[in-house]
Structure formats: C-alpha cells, structure tokens
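Listed in Swiss-Prot:
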- Gly117, Leu136, Gly137, Asp138, Phe139, Val140, Leu141: S-adenosyl-L-methionine binding site (BINDING)
Amino acid sequence: MRIDVLSLFPDMFSGPMHDSIVGKAIENGHLTMPVTNFRDYSTNKHGNVDDYPFGGGAGMLLQPQPIFDALKATEEQAAAEGLPKGRVILLDPAGVTFNQHVAEDFAHEEHLTFLCGHYEGYDERIRTLVTDEVSLGDFVLTGGELASMVMIDATVRLLPGVLGNAESAPGDSFSSGLLEYPQYTRPADFRGMTVPDVLISGNHGKIEKWRQKEALRRTYQRRPDLIDHDQLTAEQKRLLADVRIEEEERASRN
C-alpha cells in the first residue's frame with residue numbers, strides 16, 4: 001500500500017509513523033508513506049497557502065492552488081509505480097466518524113491520500129478532489145495531522161503480513177462487532193488476583209466459550225449499543241442471556 005500525506009507540518013510524522021507497527025510495515029515493504037508539504041507547491045512568492053475568506057469572517061482558509069498541485073504531483077508519482085489515484089481523504093470534523101469498519105474499508109485500497117488541513121478550514125473547491133470526508137469525533141483539533149496518524153495506524157495494522165500474529169487483528173475490539181474479552185498473562189496469581197481457572201485448563205473449547213461470553217459481557221456492560229442481535233449466533237444469544245441474568249443478580253446484591 002502507498003499512503004500519501006499532504007500536510008504543512010511533515011516533521012510531525014517523522015517519529016510516530018516510523019516506530020512500532022507502522023514503522024515495521026514500512027521497513028518490511030508492506031507500506032510506503034511519503035509526506036508532502038503542500039507549501040512547496042505554492043506559486044505565491046512568499047509561499048503563502050492561506051487567505052481571508054470572501055464575505056468576511058474569522059480565521060484563514062487554505063487556498064486551492066497549492067493543494068491541487070501537490071495532489072497532482074503525488075498522483076503522478078503513484079501512477080509511475082503502477083498505482084491508481086486512489087481515495088483522497090479529507091480530515092474534517094464534519095465528516096463521517098472514523099471507526100473500525102472504515103479502517104477495514106481503507107485497508108482494501110492500494111493507494112490512499114490523507115489531506116491534513118489547518119487554520120480555519122478549506123476553500124470549498126478543495127472538496128472537489130476528495131472521495132471521503134472523515135472525522136475522529138465531535139471535537140475540533142488544530143490540524144488534521146494527529147487525526148490522520150490515528151487513521152493510518154488503525155488501517156496499516158490490518159494489512160496482510162503487518163502484524164506478527166495473523167489472528168491479532170480479527171480478535172481486536174470492534175473487529176467482531178464486540179469489545180475484546182479480558183486477557184491475562186503470567187503469573188497466574190498476582191497479589192491475590194488470580195487468572196480464571198478455565199484459561200489454564202487446556203480445554204480449548206471451554207476457553208473459546210469463555211472468551212465469547214466475556215466479550216459479550218464487556219460489550220453489554222460498556223457499549224450495549226454495539227450488540228446487533230441479528231448478527232449474533234444462536235450460541236452467542238444463549239451466552240448473552242446468561243450474561244444478562246448474571247449481571248442482574250450482581251446488581252441486586254449491590
């Protein structure tokens with residue numbers, strides 16, 4: 001996969017995006033991630049990329065010209081590598097909310113471009129370049145850089161061969177539609193807090209059933225809105241019924 005980033009602050013990506021999983025993906029050839037400063041494409045002699053909005057108002061808007069030209073250049077570079085133009089993602093608080101399903105969708109692409117804004121916003125004509133407008137949530141950041149890093153990390157870890165254990169990503173919270181079940185490592189007894197017996201029983205069938213039940217329990221407790229009953233198997237529905245009874249009994253004791 002190739003991920004292009006258009007940003008006024010490319011140095012922000014030099015650390016986080018070259019460490020851990022994303023860094024290993026680059027090192028192992030699963031990912032290339034050029035970061036382009038679109039100020040370099042400004043035709044203004046002062047290198048300006050923003051201006052006041054027509055009609056007045058607070059703040060400055062990013063001008064279309066530097067971004068149009070920077071995107072054209074990166075798309076030509078991608079084409080030289082045999083890659084399609086790909087999807088152009090505008091980081092915008094008014095966009096659709098990013099989640100695991102969006103990350104999975106992005107992970108199927110060969111080429112993505114993240115457009116990181118700054119200042120008050122964008123000239124509306126920039127949106128003609130865009131295929132997706134995406135937000136991290138109902139809050140405003142100074143720029144799109146931090147949001148794009150989160151989305152890139154969530155996407156890259158889903159690429160085939162990136163994670164050391166191929167089963168890691170499907171087991172993550174939200175990948176199955178449920179939160180992840182509790183996990184434990186050694187020692188089995190730490191300051192009186194013990195690992196559930198089933199996990200050290202060696203009975204893989206019972207372990208899997210326990211994990212399904214505890215994933216349902218955690219989701220029921222913390223994010224019941226995620227539970228789609230139509231998507232649950234008959235076994236999961238039985239386990240969820242047990243969880244509800246147990247949680248009601250626990251609540252009545254408190």
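Yeah, the Cβs are placed from backbone N, Cα and C, and that goes for glycine too.
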- Message: Given a 10 Å Cβ-Cβ cut-off, pick out the one of the binding-site residues Gly117, Gly137 that has the most other Cβ atoms nearby.
- Response: Gly117
- For S-adenosyl-L-methionine: widest Cα to Cα gap among Gly117, Leu136, Gly137, Asp138, Phe139, Val140, Leu141 in Å: 17
